[in-house]
Amino acid sequence: MSSHADSNPWTVPALAQAKRAGRKLVMLTAYDASFARTFDVNGVDLILVGDSLGMVMQGHDSTLAVTTADMVYHTAAVARALDRALLVADLSFQADATPERALDAATQLLQAGAEMVKIEGAGHKLEVIRYLVEREIPVCSHLGLTPQSVLRFGGYKVQGRGEAGEQLRRDAQAVVDAGASLVVLECVPTPIATQISAELSVPTIGIGAGPGCDGQVLVMHDMLGLDSGHRRPKFVKDFLAEGGSVAGAVRAYAQAVRDGSFPDAEHAYAA
């Protein structure tokens, strides 16, 4: 099977090439230079500076308190450590409320070292995605359980069951048509995530979306079995227990994603 040479930095076009080659993508969150460097040299393909930092770094109950300034600070720290992995950064809550606001926030993140920005949802966000892509800013879409919508969802719940699965399929195609180069699917039943992954021309990255996605992402604290003070999701696996060290855990996670052993049924959601 074709693989991306370890010495070659990942680029946006290389993501689509990996999908065509059947090469699973390995993604982790990071928020500082030390962890980012460890992830970069131990087989992680994409680093996400997620607004999850509000929960695991700042101690909030949700991601809603995170600001663009927070995202820029952590993105810059992570960017200084990377030689190989592609750096994706979240647009924080309401930073993408309008195309103009999104452009301002995305510009700051790219200037800090991000190579792609992540936007939650579809609907009116399609206009935002098109606006950014037309201005040469690569976009990753985030569908399914979108944490910035936690108040509307009434908590962190599986999305895309029943008729909602068909809407999720439509949304996934719509964000790709709008220009997204990558799609994160969170807390989505395995069958619908697998179907979406087969239908899209761009890679999907699953988190609680089963093994049929084109890659996987976990919050680093979850992958390392750290207690962040929040309920442990079903899809989380502690790789530090088998890896023996942070670097060993990262290598074990990366290998499990690439060989398809993670996630298994225990760490996914049925239809």
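Cβ from N, Cα, C; glycine included.
In sequence order, His142, Leu143, Gly144, Leu145, Thr146, Pro147, Gln159, Gly206, Ile207, Gly208, Ala209 are the residues near Glu186 (active site, proton acceptor), counting only same-chain partners six or more apart with C-beta under 8 A. Summarising the annotation, Swiss-Prot assigns active site, proton acceptor to Glu186 and lists sequence analysis as the type of evidence.
Under the DSSP three-state reduction, Glu120 (Mg(2+) binding site) is assigned to strand. As annotated by Swiss-Prot, Mg(2+) binding site applies to Asp51, Asp90, Glu120.
According to Swiss-Prot, the 3-methyl-2-oxobutanoate binding site annotation covers Asp51, Ser52, Asp90, Lys118. With a 10 A radius on its CB, Ser52 (3-methyl-2-oxobutanoate binding site) counts 22 other CB atoms from all the protein chains.
Apart from Asp51, Ser52, Asp90, Lys118, the 3-methyl-2-oxobutanoate site neighbourhood in this chain, defined by C-beta within 8 angstroms of the site C-beta centre, holds Thr29, Leu48, Val49, Gly50, Leu53, Thr63, Val66, Met71, Ala89, Leu91, Ser92, His142, Pro147. Taken over all pairs of the listed 3-methyl-2-oxobutanoate-binding residues (Asp51, Ser52, Asp90, Lys118), the Cα spread reaches a maximum of 12 Å, rounded to the nearest whole number.
Ranking the binding-site residues Asp51, Asp90, Glu120 by other CB atoms within 10 A of the CB puts Glu120 at the bottom. In the shown protein chains, 24 other C-beta atoms lie within 10 A of the C-beta of Lys118 (3-methyl-2-oxobutanoate binding site).
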